[in-house]
Each structure stands twice: as C-alpha cells, then as structure tokens.
Amino acid sequence: MTMDSIKFKLEIFLIWVYAAFVIFQGNTVYIFLTKSNQVVIILALAVLTLIVGNSGKLKIQRRTKNAILFYLILDIGIFSLINISTPSLLFLTLSFPLLLILFQNKENIMLFLKALSNLMFIIALVSLFLWIFTNIIGVVNASGVYSNDVIPWGYNVYATVHNIYFYIENYIVQSNIFGVSVANTAIFTEGPMYAYLLIIALFYEMNFYKKPNKYKMLVIMVTSFTVFSDNAYIGVFFCIAFYWFLHHGNSSSSRLIIAATVLVLGITVVSFVLYQKSIVKSTSFFIRLDDMFANLRAFLHHPLLGVGFNNAKGLDIYRKRSYIIDSSNSSGLLSIFAYGGITWGIWYIIPFIKSIVGIIQSKNYFDRMMNGFIILTTILLLNVSIQDRIISFVICAISWGYILNKNCWVDDMI
C-alpha cells in the first residue's frame, strides 16, 4: 500500500468522523444530555484541520484565497469582534476558511455528502423501525423520560427508547394533516432539524449517483414523511420535482416550463401546509411566523451588522410580547440577517441568487445538480434553526466551493 493510498484512506476516515460530529452537533438530544456543544465544535475544528493538513494535494486557488481574505477582513475582522458572544461561536467562524479550502476540491464535497448521507440513512432506518413499533403499534415501550430541565428545548418532555430513539412525549395530542399524533424526531430535539438533514441525504442519493440505490431512497423518503415537518414535505417534493427537471430539462425552454410548473406546484404545497397549520391553530406555526417578522424588523433596523450573533435579547424587542417567553429562532436564514446583517447574510444569499440564474443557464448535469442543491438547502434554511450549527457553515462552504471553482471541475457522477 502506497503512502498516497494510506493518506487517502485516512482522509476518508476523518471526513466520516467530521460528518458524525456535524450531525451530533446539529441539535441532537445528545448535545444537551452531555452538555458538550463547545467541546464537539472544538473537536470538529481539530478534525477539520487534520483533514486539510492531510490533503497535501490541496492547492489553494486564487479565488478561494480572495474569498478567505474577504471573510477574514469583513467577518472575523469586523463582525465577529463586535458580535461573537461565546468561544464556540468564535471556533465556528474560524472553521469557515478551512471549509472553503477543503471544498474547493469537488472530490471532498462528494466524500463529505456521501458520509453524511450514509450516516443519515442509518439514523433513518433505526428511527423508522422504532417509530413504528413504539409510537404506532405500541409493542416497544419508552425506557425513560427527560424533562425540560435536562433537555432545555422549548417546553418539551422527551421520552426515549434506551437513548437511541427519542420522541416528544407532551406533543402526543398534536394533530397533523395525516392524523398521526407522534412525530419521528429520532435523536433530534425537533422535526425541522431532522428533516433538514434527511432531505440533504435524499437529494444526494437521488442525484449524485448514475444508478441511485432505490432502497436507501425509499427509507429516507418514508422516514421524512414520519417527521411531520414542513421542511420534510417541501424537501421531498423538491427532490422529486428536481429529479424530473434534471432528466427532462434538456433545453432552456423546457427548463423554464418545468421550473414554472414546479414553482406553481411548490406554492400550492406550501400554501396547503400553512393552511392546515393555521386552521388547527398550531402554536408552533404562530411562533415561527412571529420569528420571521421579528428577524425582518431587526434586520431593517440593523442592516449592516445585525443585533449580534445569537443575541436573543436584542431580537426580543422586535417580537410580540405574548411570544417572548417562548423566544428562540426558528428561521435560520432570516436569523442570519437579523443577527449578522448583510455582513453575514451575503455569504448565503449570493450563492442562492447565482444558482437561481445558473439553473436555467447551466448546460451540464453536475452544474444543474449543484445549483439545485444550493437552492434546496437555502429554501429549507428558512424554517430550521441552524445558524449556530456546524452544518450551516458546511453547506455555505460547499456552495462557495462550487461557485468559486466550478470552471475547473469535471462533469461526472459516482
């Protein structure tokens, strides 16, 4: 075995470890049970440093250097020193330049998404099995319960099956459009975060392979529906519609027709979900709606630097008083603009705008696929609180890795 082969195998192993840290820190129950958020972020940064250091073949491209320099001056040099409130957030911002270096290489993007997708498939398979036998059939009983004092996420009380599956016990009377009362949240504190990662895995499985694994696709798709989250419904619809778009949109006119059809159907799906939530007077729906308006007001009052990274008190003055007691921030994308203003928001909105244009103009499969990935993850970011999660920085870096280096990438698939 050659030294290059050993280094490549080590890189794959480290990327899998990093993907596991990304999932673990992505609002899982374990972060609260172990109180290890900051430790995990530091460990993830250490592993990321090892990956970049091990990849001797990585040559930093000029565009990547310019992006890193711009980020260091604008975000760490100005925004971070003003707004960073905890060491963990500082470590997160420091990880972004390393991620830009890592993901300027197309192969590393593929390796990371493959690791993330496979890990999410395992989580989906286990959670689907336990959801059916615990919450639907009822032959498996919960082995314990965690109160809000142990897992301080909203007012939720979490029941668990030997700490490998969790569900929100005090939400068992919550209704939804399918009539089933208990959502499958697997190892996560809430459905939207679980759905966000599942949909990323589903998109990868459907589009990054010449011959997709139908079994894995089916498991992830079915599990997504058991989460009963808006992100899951919208994400699955997008993945199916985009798969059709990829394989039938061979000309600009056909892509425009398909895009218009998908847009109309997408608006219909979103409107139906919002209507269902409004008629059952879902507290979650109104809190999330208030979050969106509060974020917009905060951004309009502080457009350049925002109110401060994760400055919840700075955001509370823009909320309705009745919702302040439940204040969190359920909209990742809007909270990025509220907390960091344009200084932070441009890193997310520029790839989205370029992908909207690029998906119509792109001529090869891989470009359309990456543009679709960026559009999907940005849309889902509207309804999930991950602005201070590693996954948010990872997806942003993947988007910029593609935008900055796509001209020197080869159009191929796994």
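The backbone N, Cα and C atoms fix where each Cβ goes, glycine too.
Some features that TrEMBL has for this protein:
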TRANSMEM  12-33  transmembrane segment
TRANSMEM  39-56  transmembrane segment
TRANSMEM  68-84  transmembrane segment
TRANSMEM  118-140  transmembrane segment
TRANSMEM  193-209  transmembrane segment
TRANSMEM  218-244  transmembrane segment
TRANSMEM  256-275  transmembrane segment
TRANSMEM  332-353  transmembrane segment
TRANSMEM  365-384  transmembrane segment
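A Cβ distance under 8 Å defines the sequence-distant neighbours of the transmembrane segment (332-353), meaning residues of its chain 6+ beyond its ends; these are 71, 74-75, 78-79, 83, 291-292, 294-296, 298-299, 302-311, 315, 374-375, 378, 381-387, 392, 396, 399-400, 402-403. Proximity of the transmembrane segment (193-209) to the transmembrane segment (39-56) is not established, fewer than 3 Cβ-Cβ distances being under 8 Å for residue pairs spaced 6 or more apart. Counted as Cβ pairs under 8 Å, contacts with the transmembrane segment (39-56) are highest for 12-33 among 12-33, 118-140, 218-244.
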